[in-house]
Amino acid sequence: MKRRSLMTTVAAVAVMMGSLGAASAQDAIKLGAAAPKTGPLAGGADVTHWPAVRLWVHQTNEAGGLQLADGPALIELIEYDDQTNPQQAIQAAQRLATQDRVDFMVAPYSTGLNLAAAPIFSQLGYPQITGTNVTNQQPELSAQFPGMFFVLGRTGVMAEDTAQVLVDLRESGDIGNRVALVNVADAFGIEMSGISRAVLEENGFEIVYQTSYPLGTQDIAPIIDGAKAANPDAFIAWSYPGDTFALTDQAIVQDFAPSVFFTAVATAFPSYYGRFGQQAEGVMGMGGVNPDDPAFQAFAEAHQELAGQGPDFWASASTYATLEILGQAIEATGSRDRAVVMEYLQDNSNSYETVLGPVQFNDMNDNERYWTVGQWQDGVFRGVAARGRDGVSDVVLKDGWD
Amino acid sequence: MSAREIRNLILSAMAFGVVALLPFYDTGYILSIATTMAMFTVLATSWALFSGPTHYISLATAAFFGLGTFVTGYGFQTMPYWSLPLIAGVLGAGLAGLVGMVTLRLSGVYFVIFTLGLAELVRQLVTWVQNRTGQRGMYVLTSITERDIYWQLLGMAALVFLVGWLIGRSRLGFALRIIGNDETVAKHSGINTALAKVLLFMVSGAAAAIVGAMLAPRYIYIEPSTAFAPILSFQVVIMALLGGTGRLWGPVAGVIPFTLLWEFISRHAPNQTLLLLGLAFLLIVYVLPGGVVGLQARLKHRFGQGGH
């Protein structure tokens, strides 16, 4: 053990000295990242956040770094664990900014951690381009934190679009108007359930079953029991990863197979298809991508190669896109000066080429073009509803679990 | 008041004065660590006020803390900001009183388990209400800076020390020490043990709720899963035990080294933080069974004898 750690130290020193020599022409751009490596959200960050961040740094360095006015600069990534704890997220951002003196920071993972870190980003003038922050508070947040940008989309829009998918299916005569609506009893689930219920009722749908369950609940069987007994045409669950898997499992066990089966977060994870295989066909969820887009295909392939796992079909790409946006703003200004880059980002007339397609921010720092609903079709989670994106696929009805 | 007590009081006041000047020196990294330390100082000291003399280990800190953050979350738009910590304190004391009356008849491990469950219970209650009313995650967007929060916490710390000192001198403090040593004896001496315990539990519950109310603007986004995170309760116990609960200043002697150690490990081993923290804690318990207070007593004892 001792010898090994000594060897590691020697190797680390050697690498550091080597990199010092290489960087003498142009210092590396330091990029700080704090996100969960432990705690409740570590699993999600491991799928969505860390691989996308490391992939962008890796690819950018392979390509010779970012082009500044005085020559190319490589990127040095500094990672911290925020332990899924707002207290630690604040301290880690502070540490990156004032101790490691990083030039730029990757926005944290999840809505809560992004908001906890927002004052630090804002006070110290770091752009905070968020890829995993879904909220409806863009007007208030961008007023308070003018350096905060939103790539993933709005909660309200996602709930509306999900309801709209049902409306469209009924118009075309594919389903009736009986809906079972369940949600995880948590800020996210409550908000989404409320919005989708309002849209559905407005359109004359009948909510034949509605319930909620606490976060982390073990016994999901009664929910599927109740939903099945109500005999709905569509089942909508505003669920989190654990319950997304549990609800699907239980529906298969009880052979509850409505024409529309929707579970929210984590349905877009490759592990969802890995677990359910053919049975996942026709399941709908939040997010989606255009898998026929060569930009996404290249991203997915590189992701698989570097991380040993594919990206998820929703926020992986938007996390990666936040760094593409940052990189393009740095290159366009040719500067590592945060104030200059910030000014460029805040200029609404600028647009960015990303894996999501072109991205442009409105006057609330909000990206208005994103995927809202996806569906597993032939082993790929295709976007079936979107705002302002090309390549929307048609919805197919779910035809049983076998 | 003896000359020695007056001297201690003046020294403590001076120490607080010096610490309060910190934001003029640094408003970044050091202040953010100091804010964390101030927060844990209040939580651990108020925890030890109750658990120190009675030896009842309470894991309910997160319940009171979370309650406090929700008071600010609900109230900051409609009520004057200064009133929120007060309301949180009253609610915290109320909850502690209610819970105390029911559970402080339990002793030992039963009490520990109940208090651990309390945070979960309150979290589920809040969630249930939110679910019923269609309420969502709350955004506490204010102009309050870290510096303001730091000063508020320092003021709160001074208050907790003062209350602790007063209780230590009072009949209540004496009663609690007897309860801690032998509850049956205390009862037979005519002490109303239930009342004494409930009163102290209310003090520590109120303090934790006030800290929660003060910290809500720092977290900005308030949701039950982070506001009631059980890890907070454990951190407070660990820090207080590291410092030692025999003296009023004991928990601070745990909070400062533990926060620095946590920061050091987070910075230098970001991939093994929890593992190393666990090892550090095992080592501390093994080497310092009585905490820093115990170490001081041991040293005093040894050198006191060596002098003869």
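Cβ coordinates come from backbone N, Cα and C, glycine included.
Per TrEMBL, these features apply:
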TRANSMEM  B:7-25  transmembrane segment
TRANSMEM  B:31-50  transmembrane segment
TRANSMEM  B:57-76  transmembrane segment
TRANSMEM  B:82-102  transmembrane segment
TRANSMEM  B:109-129  transmembrane segment
TRANSMEM  B:149-168  transmembrane segment
TRANSMEM  B:198-221  transmembrane segment
TRANSMEM  B:227-245  transmembrane segment
TRANSMEM  B:275-295  transmembrane segment
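Between the transmembrane segment (B:57-76) and the transmembrane segment (B:7-25), the number of CB pairs under 8 angstroms, six or more residues apart, is fewer than three, so the stretches are not in contact.
Counting Cβ pairs closer than 8 Å and at least 6 residues apart in sequence, the transmembrane segment (B:109-129) and the transmembrane segment (B:7-25) reach fewer than three and form no contact.
Within its own chain, the transmembrane segment (B:7-25) has Cβ neighbours under 8 Å at 31, 34, 147, 150-151, 154, 157-158, 161, counting only residues six or more beyond its boundaries. Between the transmembrane segment (B:227-245) and the stretches B:31-50, B:149-168, B:198-221, the greatest number of Cβ pairs separated by less than 8 Å involves B:31-50. Beyond the ends of the transmembrane segment (B:198-221), by six or more residues, the same chain brings 35, 39, 42-43, 46-47, 49-51, 53-54, 58, 60-61, 64-73, 76, 84-85, 87-93, 95-97, 99-101, 104, 137-142, 144, 146, 149, 152-153, 156, 160, 163, 167, 172, 176, 227 to within a C-beta distance below 8 angstroms of the stretch.
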